[in-house]
């Protein structure tokens, strides 16, 4: 426990967003900041530094919150595991890769290089990051959030990211960079020197299906097949997370205090003046209770799952808590600030992301990354965002382009993937989907957001399905183990703009008990039919295109079960999962529409309390959200500075 118990700002959560805000605020030497993180500092460990070792962190109680959903009644009552990072860096420390599409297979490095890792410098290289379309960011302002639009988000993405590509690497990766996207931020995005051997066939197969290659998807239009960078240090091939990029270079600052293993139990509120004022935070370390006070503000950056939980438990307990009265009444918790939107509007990853995972065996001339000894790499893939597993076996005849990992001191650093972003018009029956949407009633979606989602359905360039390929083997009921002499491919499809709205709420007054997480998976016909059509589109790409005919030896799963509507539906429902992108549970919207924070990220009805994490996003974006979260945190830090 540190001697000082009062700071200007107290940040709950040292994750993707929290460490960004801490680093930017402590640039002001007369401002003191305390960060409370429930996990430890694992930044320099090999498990965290090597993205290829990320599975060692998943569902490990020391490094992962290991959440599970409530049974999903529209998906065979499945209980879905949901992995979230529990350490400095949060989920940016536990993901396999950070940025979007990449054309490379993997990095290899020697473990003795880990000792050479230094705090990341600010680079003058060009920047690139995964981004949603400009229209999606502009929609934030359309629903009432003045100052939140594509121009602002782009500005802060530039501030946070650097694209560390040499000119020849841009050419090799077919990336046409635009100078307006250049930045010099601490999050380094680098190319892989290795090429996935079926990359060109993938792009050609998508073109056969009407989906073009997109050479600059960071420019505001994401439709098409494209590639980007990995968040790896270009010299050491080690992970770049918010901990390595924002904390490590600044942890020496005298005005920055980070307390790890600190489990926050509630926010301390003062109600003597009538309106609740956040004045500090209660937390526990090793069973001992502590309080740290905030002179200026408390910043809640606990993530989309725990931010609503902390709000519902917070106050001068048991006198004041924030949330939906009927939920709090159930557990004997009086409500002083009633915000019905707390914990509602949950979007489980890429908007109910429904990764459809196709398992295939590749023809032998194509390389895949993991043989039998590496099967454990993806044991939980698809356990956080709706997904279905369909592996393929590749055909024989191709030499692999990945390096052989033969020495004991060598390890795989990261695996990258090929991607495609598919508009509704490329699916089998788009008009049927539009008709379902027209006839459906979505009572959980506020009118301003619903109107925008309906517009996006009709937009011929707005992606609604993401497809990605992994050069790996993943066990299924059809085949539990790989043949070490064969190569495999895993295809993942994500539903980008779902209409489902789940919820996250406390089920006890105990802050150490996990909340109830309901994805509401497939609770409406539009999501279900879009997902099914996306799954069929995925199988079309792999099994019916001329370009991939020379790549795929056979489909392992769903196999013949996928040839009938009934068989494919059953397969999807029994293997669907989520994709690690939860948002929306403390939405930045008008209070009357279910919002929890305003456009300055201030919690309605409470003074000196703001939320800065993915929970403020009111709808799912058609992208992996991590770069957007960095941008939100960068903008938030400037909002704080404006008020100092």
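The backbone N, Cα and C atoms fix where each Cβ goes, glycine too.
What TrEMBL says about this one:
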{"type": "DOMAIN", "residues": "144-315", "note": "domain 'Glucose-methanol-choline oxidoreductase N-terminal'"}
{"type": "BINDING", "residues": "264, 625, 626", "note": "FAD binding site"}
{"type": "DOMAIN", "residues": "498-633", "note": "domain 'Glucose-methanol-choline oxidoreductase C-terminal'"}
{"type": "ACT_SITE", "residues": "581", "note": "active site, proton donor"}
{"type": "ACT_SITE", "residues": "624", "note": "active site, proton acceptor"}
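Across the range of the domain 'Glucose-methanol-choline oxidoreductase C-terminal' (498-633), the DSSP-based residue counts are 53 helix, 24 strand, 59 coil. The 10 Å shell around the Cβ of residue 624 (active site, proton acceptor) contains 29 further Cβ atoms across the protein chains shown. Counting other Cβ atoms within 10 Å of each Cβ, the lowest count among the recorded positions 264, 581, 626 belongs to 264. Taking the C-alpha positions, the distance from residue 626 (FAD binding site) to residue 581 (active site, proton donor) comes to 8 Å.
For the pair residue 581 (active site, proton donor) and residue 264 (FAD binding site), the C-alpha distance works out to 23 angstrom. When other Cβ atoms within 10 Å of the Cβ of residue 625 (FAD binding site) are tallied across all protein chains shown, the result is 24. You'll find the Cα of residue 264 (FAD binding site) roughly 28 Å from the Cα of residue 624 (active site, proton acceptor). The maximum pairwise C-alpha distance among 264, 625, 626, the residues recorded as binding FAD, is 25 Å.
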